[in-house]
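OK, TrEMBL features for this one:
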BINDING   Asp287, Ser291  Mg(2+) binding site
TRANSMEM  7-26  transmembrane segment
Amino acid sequence: MQEKINRVLWICIPILLVGAIVFGMIQRAKTRSYGMSGYYFDQDVKVTLYENDEKKANRALTQIEEIFETYQNLARTDRNNLESLYKINTSDETDMKLSKEMSDFLKYGKQWEKTSDGKIHLQLNDLMELWESHFQDGSLPEDEELDTIQIPSVDSMTVGDQNLHKKGTLFLNTSQYEIGYTLKQVDAYLKDQGMTRYIIQVGSDTMVGDHYGEDGYKVALASSTNGKIERILSLTNQTMITKGDYHEQVVLEDGKTYGTILDPTTKYPFEKVGSVTVFSKDPLLADTIASILYQMDVEEGRRYIKDYDDVEVIWTTLDGKVETTSKIADWTKEEKG
């Protein structure tokens, strides 16, 4: 009797294995890509989901659009009638009620203002608007213009649970982390829906999940000096955020190339590195750390990230040299020519 059972088991197991393989192949064959594109945070956004349920994918795309719309509106500093940074900056009220989304959005920045020694700074909008006007016409600001710029201290605002207290005029701007923050909300939503296969691009920044096949997603990294592709990366469950890329650099009237990330101390763009690209499973951490590392030279940056296990970095120095952390070589293929 036992011999018959064993014989039946040996017959059934291969059948089950073959069935599992065939089922997997069928499921993979049924997987399709569903996408959307838009323009958020002044950048092109492209979302691709890999899913075998069309209705589920389309519902997710609609929700992702809503998430991008929500946080783009919260981060707006131009004139508008929405709950936004503009409304906070221009309000005469010293105490304001906030939505949960806005209070959480600002509390994150306030937390990093304290822990980053001011390298994450929420009060640079006045300075940024001045430089933006000069970036557009190719001129340098006069010292007199820079002297008029106000940069409130980190103590000028406190944020509680859905409330804000401010002392005087604020110049809030969340560009140092707003894209990563938005991607974090998208990532959380997709995980909640059990959707793990996707690629989301915001300008040169990219977040990917599980690959729909057995490979990683091939993501291109362009040179910060000429915009040509210099590396192809194979990524799975990673976010790649770049500060100082080719499109964020401007040549002004003195012939120098300037980045667009500004130093609140000198009121000029930072000149520590040409660009920095940060990789992390956490999109918000990647964006925040990239903003901080752009303000440091390579050696300072290496020391800073020692406490972060889930952070890998590619630096381009001011003279065009490329330096990386240890895992980058496993993910990348350098392009020749």
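Note that Cβ sites are derived from N, Cα and C of the backbone, with glycine treated the same way.
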Of all the binding-site residues given, Asp287, Ser291, which has the fewest Cβ neighbours within 10 Å once its own Cβ is left out?
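Ranked by other Cβ atoms within 10 Å, the binding-site residues Asp287, Ser291 bottom out at Ser291.
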Name the secondary structure element type, per DSSP in three states, that contains Ser291 (Mg(2+) binding site).
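Assignment for Ser291 (Mg(2+) binding site) reads helix.
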